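Data first, discussion second: the structure below is written as structure tokens.
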Amino acid sequence: MRKMLAAVSRVLAGSAQKPASRVLVASRNFANDATFEIKKCDLHRLEEGPPVTTVLTREDGLKYYRMMQTVRRMELKADQLYKQKIIRGFCHLCDGQEACCVGLEAGINPTDHLITAYRAHGFTFTRGLPVRAILAELTGRRGGCAKGKGGSMHMYAKNFYGGNGIVGAQVPLGAGIALACKYNGKDEVCLTLYGDGAANQGQIFEAYNMAALWKLPCIFICENNRYGMGTSVERAAASTDYYKRGDFIPGLRVDGMDILCVREATKFAAAYCRSGKGPILMELQTYRYHGHSMSDPGVSYRTREEIQEVRSKSDPIMLLKDRMVNSNLASVEELKEIDVEVRKEIEDAAQFATADPEPPLEELGYHIYSSDPPFEVRGANQWIKFKSVS
């Protein structure tokens, strides 16, 4: 009897040491999956589009929620570090657009390719890099994903080609990556992203033409967040139907604030490209909460009420959270635990990003040429002047 009482006492003591929320979550029976209706995509030159219902598993839902929260908290931490003058130079944040980067990744394979513009932090994370490598890149430290020399606009990961600072210039490169996929006979696609502000550039239409002519497996994706810097789409474009801009290329207009819509549309587009039909165009209707960059307060060309309305009615994280809680895929307590874990991860990454050393001046020319300096050009050593003083 004494042994039995002692065993019961140990079990109860172990339960008492666990947070009450964890005990509650562990004892609750959750649904394994749930079916949701999603918004129908507008179509251009397509008879059928993505499905209007989709199944979300509990496992995927928790993964998507954690990833979107991580991107959101990472961007808010970057905002804080910038205001503390720890991050310097250009910095473009994507909070509000989390459903785009997470949803696109959910619809493709790790071996597929992605290239985007300068609002790239979220995509760098979803392509597989840890938060500490992203924040360290923002602070210019050696542990950054580009050794601290790329900064906000020039981040890279496996099968992720940046992060490009020239508006629209990544689009022809994306078509070139798709050409390589076809040339090498690989069943891969390239997601080529640009914003509504770049959508009027001539080089994009040239890329459309070559991709269609050669039937390249390229998904052209316009992230329409309504404003190109401080100019609304209505003031910048004769037509704001960006999904029709490819003319002879089929297109989809997608709710970019709903991760499930983005995921299903991406799966559809990827399957279209893999079938050998050529390129397809997607317009993701989304919204950024911050200004264009850190030098833009974001309220001179739009009202605070407009931003708050989007936050209250269309926030991508809240939409996923409500779906999961209401369908018994997760509990509020469980999602709060994820929030706590994400905040700790971000804080740890921020500490690393501020404590990690900066790259020495001698490495300024590294990773530019096939061989690292010092080497002579026309008989002169151009690198001898780059010496650290400490």
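Backbone N, Cα and C atoms are what each Cβ position is placed from, and that goes for glycine too.
Going by Swiss-Prot, these are the annotated features:
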TRANSIT   1-29  transit peptide
MOD_RES   Lys63  N6-succinyllysine
MOD_RES   Lys63  N6-acetyllysine
BINDING   Tyr118, Arg119, Gly165, Val167, Asp196, Gly197, Ala198, Asn225, His292  thiamine diphosphate binding site
BINDING   Asp196, Asn225, Tyr227  Mg(2+) binding site
MOD_RES   Ser232  phosphoserine
MOD_RES   Lys244  N6-acetyllysine
MOD_RES   Lys244  N6-succinyllysine
MOD_RES   Lys267  N6-acetyllysine
MOD_RES   Ser295  phosphoserine
MOD_RES   Ser300  phosphoserine
MOD_RES   Tyr301  phosphotyrosine
MOD_RES   Lys313  N6-succinyllysine
MOD_RES   Lys336  N6-acetyllysine
MOD_RES   Lys385  N6-succinyllysine
Under 8 Å by Cβ from Ser232 (phosphoserine), counting only residues of that chain that are 6 or more apart: Arg226, Tyr301, Arg302
Fewest other C-beta atoms within 10 angstroms, as judged across Tyr227, Tyr301, which are the recorded positions: Tyr301
From Tyr227, Lys267, Ser300, Lys313, Lys336, the recorded positions whose CA lies within 10 Å of that of His292 (thiamine diphosphate binding site): Tyr227
Pairwise CA distance, Tyr227 (Mg(2+) binding site) versus Asp196 (thiamine diphosphate binding site), rounded so that it is a whole Å: 7
For thiamine diphosphate: widest Cα to Cα gap among Tyr118, Arg119, Gly165, Val167, Asp196, Gly197, Ala198, Asn225, His292 in Å: 18
Sequence-distant neighbours of Ser300 (phosphoserine) in its chain (C-beta under 8 A, six or more apart): Gly230
Chain-internal residues, separated by at least six, CB under 8 A from Lys267 (N6-acetyllysine): Pro50, Gly107
Candidates Tyr118, Ala198, Asn225, Lys336 (recorded positions) - the one closest to Lys63 (N6-succinyllysine) by CA: Lys336
Residue among recorded positions Asn225, Lys244, Ser295, Lys313, Lys336 with Cα closest to the Cα of Ala198 (thiamine diphosphate binding site): Asn225
Where Lys63 (N6-succinyllysine) sits in the secondary structure, as DSSP reduces it to three classes: helix
Non-site residues, in chain order, whose CB comes within 8 A of the mean position of the CB atoms of Asp196, Asn225, Tyr227 at Mg(2+): Gly195, Gly197, Glu223, Asn224, Arg226, Gly228, Ser232, Val233, Arg288
Neighbouring C-beta atoms (10 Å sphere around the C-beta of Lys63 (N6-succinyllysine)): 13
Cβ atoms near Gly165 (thiamine diphosphate binding site) (within 10 Å, other residues, all chains): 17
Neighbour tally for Lys313 (N6-succinyllysine), based on other Cβ positions within 10 Å of its Cβ: 10
Spatial separation of Ser295 (phosphoserine) from Asn225 (Mg(2+) binding site) - C-alpha basis, Å: 18
